[in-house]
Amino acid sequence: MAEYQNFFNQVQVAGAPEMGLKEDVDTFERTPAGMFNILGWMGNAQIGPIYLGIAGTVSLAFGAAWFFTIGVWYWYQAGFDPFIFMRDLFFFSLEPPPAEYGLAIAPLKQGGVWQIASLFMAISVIAWWVRVYTRADQLGMGKHMAWAFLSAIWLWSVLGFWRPILMGSWSVAPPYGIFSHLDWTNQFSLDHGNLFYNPFHGLSIAALYGSALLFAMHGATILAVTRFGGERELEQIVDRGTASERAALFWRWTMGFNATMEGIHRWAIWMAVMVTLTGGIGILLSGTVVDNWYVWAQVHGYAPVTP
């Protein structure tokens with residue numbers, strides 16, 4: 001029997017664009033908006049209005065400078081040969097300064113370009129966080145997205161800033177490159193006695209898997225009750241209807257209890273935030289507090305002690 005599953009199908013309503021809040025605000029800085037059916041396959045069919053402001057403009061400018069700096073270095077490594085540039089693009093790498101430079105400013109070809117690119121990236125990321133915070137504040141929203149983003153910034157800053165400072169050298173920071181970044185990650189684990197024995201790494205992976213599981217469960221649940229209006233979650237939160245009642249009953253039948261239409265989002269944000277929060281702690285402790293996680297695990301009784 002044919003059934004509306006809603007895995008790939010979507011309903012698009014094309015009307016006048018929603019321009020957002022207009023009361024007591026200047027809208028001259030907002031771009032126009034329009035409807036695009038192809039965009040509607042993934043989300044809302046409307047694109048715009050877009051507001052960058054000072055923080056957004058600074059973020060995009062310095063983000064572009066970071067990207068351009070790395071690209072110029074790759075172009076230099078390719079000998080200014082477009083064929084070699086395209087062929088070896090994934091193999092090129094912008095490396096941090098060698099250990100002998102410590103935390104000092106290095107010559108351009110000895111890691112100075114990496115330091116410049118990292119400065120551009122830091123300004124871009126911080127400015128974007130400011131933009132996320134101020135946009136939420138201007139809309140009268142909670143700052144949940146800014147604080148969640150800050151957790152990701154924590155892991156990023158530990159890798160490229162806090163841990164190198166504690167270790168006394170920029171050389172321990174990751175490079176900018178596709179395969180070189182993967183090699184750095186593998187070598188990091190080898191240098192510190194197998195990262196799998198780092199309990200904070202384990203917590204991070206558990207939260208990562210948990211985030212994927214929660215996302216799949218929540219997405220499947222809402223799609224399963226869209227025929228009853230379940231996608232209108234705000235309405236279901238304040239006035240529980242048959243959609244949320246059926247979804248809740250399904251999970252009580254399945255595993256004995258259920259989240260609420262509001263609570264599942266609290267589960268999701270904390271599970272996602274814990275991925276980068278605990279991951280950053282685990283990275284920060286590696287080499288600064290614990291040199292070898294396998295030996296640490298042996299001492300604490302959960303890794304085998306080989307004779």
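Cβ from N, Cα, C; glycine included.
Feature annotation from Swiss-Prot assigns transmembrane segment to 52-78, 110-139, 142-167, 197-225, 259-285. The (7R,8Z)-bacteriochlorophyll b binding site annotation in Swiss-Prot covers His181, His201. Here Swiss-Prot flags His218, Glu233, His265 as Fe cation binding site. For Trp251, the entry in Swiss-Prot reads ubiquinone binding site.
Note: the CA-CA distance between His218 (Fe cation binding site) and His181 ((7R,8Z)-bacteriochlorophyll b binding site) rounds to 33 Å. With a threshold of 8 Å between CB atoms, the same-chain residues lying at least 6 positions outside the transmembrane segment (142-167) that come near it are 96, 103, 118, 122, 125-126, 129, 132-133, 136, 173-174, 269, 272-273, 275-277, 279-280, 283-284, 286-288. Within 10 Å of the Cβ of the residue listed as 'ubiquinone binding site' there are 15 other Cβ atoms, across all protein chains. The stretch from 52-78, 197-225, 259-285 with the most CB pairs below 8 A to the transmembrane segment (110-139) is 52-78. Long-range Cβ proximity for His181 ((7R,8Z)-bacteriochlorophyll b binding site), meaning a same-chain Cβ under 8 A and a gap of 6 or more residues, is found for Ser93, Pro174, Pro175.
The Fe cation site is defined by His218, Glu233, His265, and by the 8 Å test on Cβ atoms against their centroid, the other residues of the chain that qualify are Ile222, Met261, Glu262, Ile264, Ala268.
Annotation: His201 carries the greatest number of neighbouring Cβ atoms among the binding-site residues His201, His265 [cut-off 10 Å, Cβ to Cβ].
Within 10 Å of the C-beta of Glu233 (Fe cation binding site) there are 17 other C-beta atoms, taking all protein chains into account. Within 10 Å of the C-beta atom of His218 (Fe cation binding site) sit 18 other C-beta atoms, taking all shown protein chains into account. The two recorded residues, His201 ((7R,8Z)-bacteriochlorophyll b binding site) and Trp251 (ubiquinone binding site), show a Cα separation of 30 Å. Trp251 (ubiquinone binding site) sits 16 Å from His265 (Fe cation binding site), taking the C-alpha atoms as the reference points.
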